[in-house]
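J.: Before I ask anything, here is the structure I am working with.
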Amino acid sequence: MITESRQMLDKRNRPLRDLRISVTDRCNFRCTYCMPAELFGPDYPFLKKEELLSFEELERLATLFVTRFGVEKIRLTGGEPLMRKDMPELIKKLARIPGIRDIAMTTNGSLLPVYAKRLKEAGLKRVTISLDSLEDERFKKINGRGVSVSKVLEGIEAAKQAGLGVKINMVVQKGVNEKDILPMARYFKEKGHILRFIEFMDVGNTNQWEKKDVMTKAEIIDLINKHMPVEPIAPNYIGEVASRFRYLDGSGEIGVISSVSDAFCGSCNRARLSARGELFTCLFASSGFDLRAPVRQELSDDELSEMIGTVWKNRIDQYSVDRTLSKASGKKKVEMSYIGG
C-alpha cells in the first residue's frame, strides 16, 4: 500500500530514496584511506556476531524503508560485505520485498570469483568494485594486505560473466596514485566499464586527510580531457552523486564523485544502516539512531516506522557544504568501515 509517508522530506526538503546497509565492519583489506593497518590490527574490537543485525532483522527494517518510506534502491556495503557469511541468502530476502527496484553491492572484488554467480542468482543486480591502481606494487601498498591487482581484475571479470552490472571506483590521492588516472581511464574505456574517480574524503578520523592531498574533479577531468576528450552529460536520476562525462569518440563514460570540491548535499537522498543497527543520515555523521534495540524489544512496524520517520524529518545534515564554508573542522566522525561507504 502506498502511504502518505512516501513523500516524507527532511528539513532541507530532501526525500528518502536510497538505503545503504553495512552488513559487517570487517574487511580482508586494510586500505590506507579507510582501515589503515596500524589502527585496525589483530586486536581491533570488531563487532561480535550477536551484535550484528540478523538477516531477518535486516529484512524487516529494509521492508519498512521500502514499503513505508518509498526507498527504491538498496546497496549492501561494509567493511567488505562478502566477509559476512551467506550473503546470497540475505539478497534473496531483500529481492522479494514488494517495491524494491534495485539491489547493488560495493565490494573490493577479491571474493567475487567465488560468489558472483550465486549473488546474481539471488537477485543482486550490480556491483561497484574498488580498485585504486593498476600498478601492482602501488595497489598492494594501498590495500595494506599485499593483494595483487590481478585478484581484483578476476573479480571484475567474474561479475561480468555472471551478468552483473559493473562499475569501478578509484579513490584518488595526490602523492599516492594520481599517476594512475590515465592508465585506469584507458584500461576501463577499452573494457567498456564505467570508471568513477572519487575525491579523497575526510570520512572518519583515521585516514590522515588533508585538503592538499585532494585531486579535485576539475583537475581530474582536465587531465583526462587533454588525452581523451570528454564532455559533461546529464545525471541518470535526481540525487546521482557522480558527475557524468562521456568520451567524445563514443566509447563510454566516466564519473567523478566530488564531495570535497563540489558538494552534492542538496540532493542527497540516502539513509545508512550500520551493521549494528544504527541509522545514520550522513556519511560524515558523528552518531546514529539505534534501531537494533527497538527491533529486539519487538516493537511493532508502526512504532519502528514512527522512529525512522522522526529521524528523517529532523535531518539537517550537509557536512560537505559546511566543510566548504569551514564550519565542519574538528568534528569527530564515524569510521567508513563501520557506517559503510
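Just so it is clear, glycine is given a Cβ too, placed from its N, Cα and C backbone atoms.
It should be emphasised that the depicted structure is a prediction, and the values quoted were computed from it without experimental measurement.
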J.: Can you find which of Lys160, Lys167, Lys211, Lys212 Swiss-Prot lists as binding GTP at the same site as Arg20, Arg75, Thr106, Arg270, Ala271, Arg272?
T.: Lys167
J.: Considering only the binding-site residues Tyr33, Cys34, Ser130, Cys268, which fall within 10 Å of Thr106 (GTP binding site) when distances are taken between Cα atoms?
T.: Ser130
J.: So for Met201 (S-adenosyl-L-methionine binding site), how many other CB atoms are inside 10 Å of its CB?
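T.: There are 22 of them.
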J.: Need this for a regression test: binding-site residues Gly79, Ala271, Arg272, filtered to those with Cα within 10 Å of Cys34 ([4Fe-4S] cluster 1 binding site). What's left?
T.: Gly79
J.: According to DSSP, does Cys34 ([4Fe-4S] cluster 1 binding site) fall in a helix, a strand, or coil?
T.: coil
J.: List the binding-site residues among Cys27, Lys167, Cys265, Arg270, Ala271 whose C-alpha is within 10 Å of the C-alpha of Ser130 (S-adenosyl-L-methionine binding site), in sequence order, or say none.
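T.: Of Cys27, Lys167, Cys265, Arg270, Ala271, within range: Lys167.
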